[in-house]
Amino acid sequence: MSLFQVYARALQYLAVHKFRVGAIVIANIVLAAITIAEPILFGRIIDAISSQKDVAPMLLLWAGFGVFNTIAFVLVSREADRLAHGRRASLLTEAFGRIVSMPLSWHSQRGTSNALHTLLRACETLFGLWLEFMRQHLATAVALMLLIPTAFAMDVRLSLILVVLGAAYVMISKVVMSRTKEGQAAVEGHYHTVFSHVSDSISNVSVVHSYNRIEAETRELKKFTQRLLSAQYPVLDWWALASGLNRIASTISMMAILVIGTVLVQRGELGVGEVIAFIGFANLLIGRLDQMKAFATQIFEARAKLEDFFQLEDSVQDREEPADAGELKGVVGEVEFRDISFDFANSAQGVRNVSFKAKAGQTIAIVGPTGAGKTTLVNLLQRVHEPKHGQILIDGVDIATVTRKSLRRSIATVFQDAGLMNRSIGENIRLGREDASLDEVMAAAEAAAASDFIEDRLNGYDTVVGERGNRLSGGERQRVAIARAILKNAPILVLDEATSALDVETEARVKDAIDALRKDRTTFIIAHRLSTVREADLVIFMDQGRVVEMGGFHELSQSNGRFAALLRASGILTDEDVRKSLTAA
């Protein structure tokens, strides 16, 4: 993207406040006009003093300009600050909502820390651009547009010096930006690396401590920061050189105005006041050009940060719901997969040609080795991923035609890692249903065999569980997650390795809760512990993304196939059981 495209898109985010921005634009035009008028008025005051005329009216006018300029600048700055701060907060909220809605595959490929870093840096960068646009950029642009024609109207010869000065600034900035474009992009890449390393180390601090990695991780961070500085220093050197060249051009221009102005005054071709006005113009131009250079530098540095954010925004908008998406209502729970295929990007993993039908209220167990596609299958059901081919129907309705929100309202999931947030136990359970009363939360906890350990804690349901629930044991976390699913009371239930983190005693306590939860619900169970799938109405054995075997638990256990072999390997089924079943057959 060009600098202009980056800047234009950054300003588009202000369109939601177009009337407030419009008022600030008008105020900036007025302020710019006053800025141009001041040197002219000052020159006329000098001429009046030289000719011993009455200067009181002009001094009062000059003072009035000064007072008005000060008050107007304060008001513009105040409104600009409020608008920029408010828009930054709303953009952060909007972008957060869109990013969180992206599929897990997107987050896995991009990296959580990368998306977070991109969002935060972009919001701060946009905030700076908005603020400077409303405070300085616009006023500077208007002042420059008014200054040049006003100067030419007064004297063409001195005006040409101002034009040459402006051209010198533009050429110097253009050369420096072309020389440092790749370097600045590299700097931004190094910032992402540093942020990712810090985020990764802190989020895995227990591993860092356990394996004595503190010094090693610190050394690694130092190495990344050194690479960042190695990329940053050449960019800074170029901009330092540009500042020096601009300063030389400014000094030469000022000297030229003084020398030529003196000669013209001595010849009687120009008044002293006009030379003073041009000196004021030159100072004004130098100041405004310095602001424009700073503005160009700001946009140049912002481009690397914002291009990544704009790409992120575009990828998120591509996933927005179609306008004609319907609502999934009154779900009974009949689920059908019709020839579903899906592949992860840059990977051979996925699912291929999966077809089956589950009646309402049935329990479907999905088993198979790691990487077989079990979790992918239930993620497709929840539209975490979109299938490349085929249809998934709930009660005969293609889920691709309904909103994700209404679809997921009909599905409750208990994850393998519980998925608790750093909030209170009560708030984590209420994720199932935000408007639930405390009595309903407590009833759900009781049904999940979680009320005992919750009430034993000092703050009870107000106990904050820590990041990812690290202040609770694995079994406690899982029971809170089950309580959350109970509270949601959805017609379709997904248990993704829901009991894998539990010991035998706790699993026995939770089994009753899960059995109660499964009642009258279509339930999908993903499990490595095959003992948990005995009561399944339908068992789907998957391998390498394909359905290898499908049938009832007893049917498959007696078929001497892959599922039966897995049962024998886990000790649930013995060779004697197989012989008996074959004899009975």
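Using N, Cα and C of the backbone, Cβ positions are placed for all residues, glycine too.
Taken verbatim from Swiss-Prot:
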BINDING   G368, P369, T370, G371, A372, G373, K374, T375  ATP binding site
DOMAIN    21-301  domain 'ABC transmembrane type-1'
DOMAIN    335-569  domain 'ABC transporter'
TRANSMEM  22-42  transmembrane segment
TRANSMEM  55-75  transmembrane segment
TRANSMEM  136-156  transmembrane segment
TRANSMEM  158-178  transmembrane segment
TRANSMEM  245-265  transmembrane segment
TRANSMEM  269-289  transmembrane segment
Remote residues contacting the transmembrane segment (158-178) - C-beta distance under 8 A, at least 6 residues beyond either end:
3, 144, 147-148, 151-152, 238-239, 241-242, 245-246, 249-250, 253, 256-257, 260-261, 264, 275, 278, 281-282, 285-286, 289, 292-293, 296-297, 300
Looking only at residues six or more beyond either end of the transmembrane segment (55-75), which have a C-beta under 8 A from one in the stretch?
27, 30-31, 34-35, 37-38, 41-42, 44-45, 48-49
Provide the number of Cβ atoms within 10 Å of the Cβ of K374 (ATP binding site), excluding the reference atom itself.
26
Write out the long-range same-chain contacts of T375 (ATP binding site), meaning residues 6 or more apart in sequence whose Cβ is under 8 Å from its Cβ.
D496, I526
Among all the protein chains here, how many other CB atoms are within 10 A of the CB of A372 (ATP binding site)?
23
Just how many other Cβ atoms lie inside 10 Å of the Cβ on G371 (ATP binding site)?
14
Take the mean position of the Cβ atoms of G368, P369, T370, G371, A372, G373, K374, T375, the recorded ATP site. Which other residues of that chain put their Cβ within 8 Å of it?
T376, M542, D543
So for P369 (ATP binding site), how many other CB atoms are inside 10 Å of its CB?
13
Using DSSP reduced to three states, classify G371 (ATP binding site) as helix, strand or coil.
coil
